[in-house]
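S.K.: Before anything else, here's the structure in question.
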Amino acid sequence: MTKYIFVTGGVVSSLGKGITAASLGRLLKNRGLNVTIQKFDPYINVDPGTMSPYQHGEVFVTDDGAETDLDLGHYERFIDINLNKYSNVTTGKIYSSVLQKERRGEYLGGTVQVIPHITNEIKERVYRSGRETNADVVITEIGGTVGDIESLPFLEAIRQIKSDIGRDNVMYIHCTLIPYLKAAGEMKTKPTQHSVKELRSLGIQPNIIVVRTEMPVSQDMKDKLALFCDIDTKAVIEARDADTLYAVPLSLQEQNMDQIVCDHLKLDNPAADMTEWTALVEKVRNLSKKTKIALVGKYVELQDAYISVVEALRHAGYSFDTDVEVKWVNAEHVTAENVQELVGDTDGILVPGGFGDRGVEGKIVAIQYARENKVPFLGICLGMQLASIEFARNVLGLEGANSSEINPDTPYAIIDLLPEQKDVEDLGGTLRLGLYPCKLSEETNAYNAYNEPVVYERHRHRYEFNNQFRPDMEKAGFVFSGTSPDGRLVEIIELKDHPWFVAAQFHPELVSRPNRPQPLFHDFVKASLTNKESK
């Protein structure tokens, strides 16, 4: 029978519930269990697709085109699985589904209520995740903090699941904070006690408490928490700030967290073999080289907006025993006069995805700098589109060339709406989303990176290169090295007379893994190291 683990949070948000859930998933997978994982977000948006990155961080796209929470990126990178649309559920999705059923008459004229209709819909999403993946274990993270009004239906639903399928098949893990008061020189357990009290008042008794802390937790403190929270002392797990995220699974294993889980759920799988993971962490801690990459974006104040890009750069660096330092460059501040000052000390330049016109001209200036000064360049989504516009303006001399997204009246729409997007009015869920094939041309940097004729990558865009300009740009040295199999859509571009200048319409960062870097990122970091050594 499938086992269910629920991860909740208390005291404050951003405690690392997602990393805790992902780390436990990795440990259970290494015990030979088939693990899947999902995130429940209590906000009323259907998905984060139309939310500002300042509100929510990056939007992580799954193979099947779901726009999801950034925690799914952590899940995929840690557990090394590809998740699907069932892995992220929001209050908006739940209510939307229930209202559609009500309109269809599926409730037989009954009064639709939070209990049982909303809670039943939530439970069905939990069970469906296990059914769709044939999982041995389903880990579900509940977003937000215990005590939030928005979380109550989710907490009630997961409380009911224990009654539905039996206590041996359900486990609750609660993540809290033990603050350290520097002035008093003390750590305080009271916030955790109150958080657990709140959770218990809702009918949920946690089986494990994971305490986030910047200082070591003494045995006396663990005993105190165990007494007041009514759990075994061994089930108080310390989650101290780590030097690398990838060390967290090892820390949890040292404290026997996965064994406690298996004992409670009556799973007799052998201990997790973490030899390869330990070697990875040792490598990360002992990188001998450095390279600096300029990330030119418009959301640089909130680095979570580009979290998968940064992780993909790090993964690529691990292959070369290299610590990749990211220099955050606000695209709105970049001008032709100061670009040398802002990016001149870096070994490579990366322009990530985005929407809208803010910061676009600064990104184009940075791209021009990379092209003219032979600096390794990687463009992603909007970065690829702007690389095309920069070339059209400054090499072909098409003054005013632009994207019709940014300037609908441009005389040269190098980037234009996909044909199927012309009549679309809604913003949410209407982009070209998910995994699509890309055919590569031989003897190109893209082909050399992948070493395969056809690759599959995840997309999230509405605009595309305008094929009207392909012949003239090809004559001028612009290479269309990746296209859709029918040749209609441009997927990858690069430059002939440049050491390494590649840009992709898709989002390669979404499939990178710590032990298996994404090929374009791998070769971009390699080119950046070569550039550094040649200076």
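In case you wondered, yes, glycine gets a Cβ from its N, Cα and C as well.
Pulled the feature table from Swiss-Prot, pasting it below:
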REGION    1-267  region 'Amidoligase domain'
BINDING   SER13, ASP148, ILE149, GLU150, LYS188, THR189, LYS190, PRO191, THR192, GLN193, LYS224  CTP binding site
BINDING   SER13, LYS188, THR189, LYS190, PRO191, THR192, GLN193, LYS224  UTP binding site
BINDING   SER14, LEU15, GLY16, LYS17, GLY18, ILE19, ASP71, ARG240, ASP241, ALA242  ATP binding site
BINDING   TYR54, GLY354, LEU382, GLY383, MET384, GLN385, GLU405, ARG462  L-glutamine binding site
BINDING   ASP71, GLU141  Mg(2+) binding site
DOMAIN    292-534  domain 'Glutamine amidotransferase type-1'
ACT_SITE  CYS381  active site, nucleophile
ACT_SITE  HIS507  active site
ACT_SITE  GLU509  active site
S.K.: Please give the CTP site's span as the largest CA-CA distance among SER13, ASP148, ILE149, GLU150, LYS188, THR189, LYS190, PRO191, THR192, GLN193, LYS224, to the nearest whole angstrom.
M.R.: 31
S.K.: Please give the greatest C-alpha separation between any two of the L-glutamine-binding residues TYR54, GLY354, LEU382, GLY383, MET384, GLN385, GLU405, ARG462, in angstrom, as a whole number.
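M.R.: That value is 23 Å for the farthest Cα pair.
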S.K.: Under 8 Å Cβ-Cβ from LYS224 (CTP binding site), six or more apart in the same chain: what's there?
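M.R.: Spatial neighbours, sequence-distant, of LYS224 (CTP binding site): THR189.
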S.K.: Return the residues near HIS507 (active site), defined as same-chain residues 6+ apart in sequence whose C-beta is under 8 angstroms from its C-beta, sorted by sequence, else 'none'.
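M.R.: The list for HIS507 (active site) reads VAL61, SER308, GLY353, ILE380, CYS381, GLU457, ARG458, HIS459, ARG460, given in order along the sequence.
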S.K.: ATP site residues SER14, LEU15, GLY16, LYS17, GLY18, ILE19, ASP71, ARG240, ASP241, ALA242: biggest Cα-Cα distance, Å?
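M.R.: This binding site's residues have a maximal Cα-Cα distance of 19 Å.
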S.K.: Using Cβ-Cβ distances, find the residues under 8 Å from GLY16 (ATP binding site) that belong to the same chain and are at least 6 apart in sequence, listing them in sequence order.
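M.R.: Within the chain, GLY16 (ATP binding site) has Cβ neighbours under 8 Å at CYS175, ARG212, ALA239, VAL248.
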S.K.: Based on Cβ atoms within 10 Å, give me the single least packed residue among the recorded positions ILE149, CYS381, LEU382, MET384.
M.R.: ILE149
S.K.: Which one is it, among the recorded positions LEU382, GLU405, GLU509, that lies nearest to ILE149 (CTP binding site) by Cα separation?
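M.R.: Of all the candidates listed, GLU509 is nearest in space.
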S.K.: Could you round the CA separation between ARG462 (L-glutamine binding site) and GLU509 (active site) to a whole angstrom and send it over?
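M.R.: The separation of the Cα atoms works out to 19 Å.
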S.K.: State the three-class DSSP label for GLU141 (Mg(2+) binding site), counting H, G and I as helix, E and B as strand, and everything else as coil.
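M.R.: Note: GLU141 (Mg(2+) binding site) is in a strand by DSSP.
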S.K.: Closest of the recorded positions to ASP71 (ATP binding site), Cα to Cα, picking from GLU141, LYS188, THR192, GLU509?
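M.R.: Result for ASP71 (ATP binding site): the nearest of the recorded positions is GLU141.
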S.K.: Hey, how far is GLY354 (L-glutamine binding site) from PRO191 (UTP binding site), Cα to Cα, in Å?
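M.R.: Given the Cα positions, GLY354 (L-glutamine binding site) is 39 Å from PRO191 (UTP binding site).
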